[in-house]
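Here's the structure, in structure tokens; my notes come after.
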């Protein structure tokens, strides 16, 4: 039995064009949206482990870290208020994705949505850096979440629609690369800010989020809209053709424009994209990918490590500065692996990379859990050699994620959504990511306290599940034009049965309508 559908790598060659300076600069500017997300990921865990920040806003946690209160190693950071500080951003992002950004991006376009996201993130950085109490700090995080709700919705659509089909993987991975660079910058700033006398370094870490936000917002004001979005908004076809010719660097764009127009026409029946996605059987495969890809990405434990790596390293006995420095090194590994991935993404199949990366992550996660179970008890630290081994295993785990699920979680969903449901489906993807990020961010420290080392075996179990999903249910989309991606579902061993039933029903309706007209 076939378990996946392999698409010809040259499927996108029927479209003419090349990589132009125009499209490269446009995509590089839009990809800066990843930097604001990455910067937040870097500051979340780093600031949460700083003694000066904990002393001011979370004194109970600070006393546990100082040893003033007797508590298990695994429970020193267990505080629902502390995790609310982290997860409030994703709660706000979830509400934004569900209630605002999908509608706005579909009707107003990808370009305005990016500007709104950048402005909201700027406001959040200002409030966070100037916070005078924990509730103001949480409000700042919520504003950052609104910014990410808009940015994550628009940027990924923008990159997938602007990039040439045969190079879409590398272009879309620009988001993941800037995310890594933003996280690397944040962790380096955390390490330096922690050493500032006077205990105000955490303000610097939080407030400097305004820099990537300002660059993103300023750059977004000069970006053109995508041809797909212009067609969806009813803009004159001549103007769209002229823009597409500029993007592709050729006059021969009729085939691509025809596919874009056909995709837009297919979704012009009056129903909203979200209604179509949720009610029409033919969109079941896309709905499954929209929900499960980001869910698996969170349940494999990466954001638990991303948010709380300094906290985790302090749990096993590392000092504050050493834990922050170790995190800088880990994120540097993440970034280097992502750069390598950019060179390989359009050479290898999506499914191959996802499965290989999953196996690397699985081995690392199991070994992390085994080391902590064997060496870290409720009291005392962990021996230096085992702490070093734990650090290496985290690096191996992060590297496996960075060249597989990290970029693929953003790329694959944008490749499988037809235009009529693309904005709505992307909002479901973003919302699903936020839901499970909230679950991990809010639950990780409490789960670590109660499950101890078993928590890492819990994450390893989910890696097994998501590897099975890729092997049996995810078709190959490498090189397939997004306007023609429907064929991968029709030819898939499982989804073809689901999609085929709707197509037969649609065909029957068409025949009946023709018969009625003849009568």
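Just so it is clear, glycine is given a Cβ too, placed from its N, Cα and C backbone atoms.
In TrEMBL, annotation is done automatically, which means it is predicted and not curated.
From the options 355-374, 455-474, 475-494, the stretch TrEMBL describes as transmembrane segment is 455-474. According to TrEMBL, the feature transmembrane segment maps to residues 138-159, out of the candidate ranges 138-159, 160-181. Between the transmembrane segment (113-132) and the transmembrane segment (455-474) there are fewer than 3 Cβ pairs closer than 8 Å, counting only pairs 6 or more residues apart in sequence, which means the two stretches are not in contact. The stretches the transmembrane segment (81-101) and the transmembrane segment (455-474) do not meet in space: the count of Cβ pairs below 8 angstroms, excluding pairs fewer than 6 apart in sequence, stays at fewer than three.
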